Amino acid sequence: MSKKKTSIQKFYEGKVIFLTGATGFIGKLLLEKCLRSLNLKKIYILVRVKKGKDQNTRLKKLLESPIYDKVKSLNPNFFEKISILNGDLTCPNLGLSDEDIKILINEVDCIIHCAATVSFVEHLSLATKMNVIASRDLLRIAKKMHNLHVSISLI
């Protein structure tokens, strides 16, 4: 007996998502939900080097979280839909290479931007880079995308 697909599942069928903040609290939940509930073609995630750990090490650690146990049991190869893009919100264009920007422009249907600093004691210059300038740079990239769905909501 197969379950009827929801309108959200139908919308995202075969789509490509670019997710920022996948290693954070909200991003981790969104990544799991997308992998478990949606039949995506691919999901690109922006990951930076942190505390001497490279992006692949950070992704491996992320996917070891118990939150991914259900998706692992439903689809042991779920990780094949994840592609890491090396980047950093504090750098121009999110630290993305020109090649990665071209990939995003040509492939992405939907951006979920949930990367930010949420520290109340962050230096203003760093908070501005991460929460304002990075968002502006992402919007500039998004404007070049051919088939992008735009929606704004709060969490």
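The backbone N, Cα and C atoms fix where each Cβ goes, and this holds for glycine too.
As written in TrEMBL, here are the features:
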- 19-151: domain 'Thioester reductase (TE)' (DOMAIN)
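Summarised as a single figure, the pLDDT of the domain 'Thioester reductase (TE)' (19-151) averages 94. For the domain 'Thioester reductase (TE)' (19-151), the number of residues in each DSSP class (helix H, G, I; strand E, B; coil) is 68 helix, 20 strand, 45 coil.
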